[in-house]
Amino acid sequence: MTATTGVTGDPQDLLDARPRVRPDLLISAAMRRGPAEIHLVKIRGGQVFEVAAKECFLIRHLDGHRSVADVGDLYAARFGRRLGPAQWSQLLWLLHQRDLLAADGQSRPRPVPRPGLRRLAGAFRWAFSVPAGLAATAALLALYTAVGVRSPHLWQAARPALHDWRSIAGVVAVCYLSAMLHELAHGVAATHYGCAVVRINLFRLTCQVEDYQYLPARAHRVAVAAVGGVLNALVTAPFVLAWALSAPGSAGHRFAAAVALAGTAQSLVNYVPIAPLDGYKMLSHQLGMLALGPESRRYLWSRPHRWVTRRGPVYPGPARIALGLYGTAWHAAAAAAGTTAAVAGGRLLEPALGRAAYAASAAAVVLTFTLWLASQPGLRPARSRTHQPVT
């Protein structure tokens, strides 16, 4: 059975059919959205669907070689229940409606990476080995430690450069080049791990990878997200060394110090686990969770209702820990940022409003934060699946 071939009303004809999903269908590993375990299913260049584990099992086994009865036997052995003809009809109809079944004669060529990215991925294959990863981690820790320990001296050396427009322009140029290489590194890493559709715009500083979320290995998804910050650190390292070796007080010494501080900050900020930064994606992939931020807020805000009424979704233990810790840390960071903004705004307005400036500033911060939270999905009811489960 394909997208254009139906079955008769005879249940036996349905069980004998051999449906096949599209050959270009991308299916993710198991992920968790809040309390539910789901898989992402995507047509290349098309829509993304969220399906439950049971539905994903059926989709993976609809290969055109097994009959519906064969897949039903596998499903019964795996989940302990057998699907009836009505459930099979509903599932196949939904797959057809979503254009997930292969059409007669459908054969799309598998996309291949761009030649430039393919060559770069081949040339830097060694950089994605385990020894190279361990060496890069050690080097990053050494760099960040050195800059952290020497930061007062770096700041003193860099301050004169901040009053020289030529030095400022140079720092901006180096940071922009580093950002371009950051995006290129994402694309090279994705290509190395098997992603074929990579779109990079170095001037707008964007890298879109259609299929990296569907890589089977969690470590590979984390590596694709992490490599950009590593590249920023590699660009910064020569300037840290140049600052240490150059004559104090020289123009090169001042410029190298300024780039070392700016580049280290540029590298480190990528690892902050707040959307849309790379650190947020790394943590989400490592935990195997979708919408970590919104779901953590939904989890925390649903706890009082759960404690009082004993109703609501039941979260497994690992999800409770991950969502609870992340949500608590996020709210603490938001409170700290809001307090800082309120105090800064109060000091700015105090000459005009007096002591009332702090109340006005705090009210503005609270209102802004409340409106932002209200617009986020984390405080709304969990969104429905793309289609209702039939299994």
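A Cβ is built for glycine as well, from the same backbone N, Cα and C atoms used for every other residue.
What TrEMBL says about this protein:
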- 123-147: transmembrane segment (TRANSMEM)
- 222-243: transmembrane segment (TRANSMEM)
- 255-274: transmembrane segment (TRANSMEM)
- 356-375: transmembrane segment (TRANSMEM)
Does the transmembrane segment (255-274) reach the transmembrane segment (356-375) with at least 3 CB pairs under 8 A, where each pair is 6 or more residues apart?
no
Same-chain residue ranges lying at least 6 outside the transmembrane segment (222-243) that approach it to Cβ under 8 Å:
128, 133, 136, 139-140, 143-144, 146-147, 154, 157, 174, 177-179, 181-186, 188-190, 193, 195, 209, 212, 215, 252-253, 256-257, 259-260, 263-264, 266-268, 270-271, 278-279, 281-282, 285-286
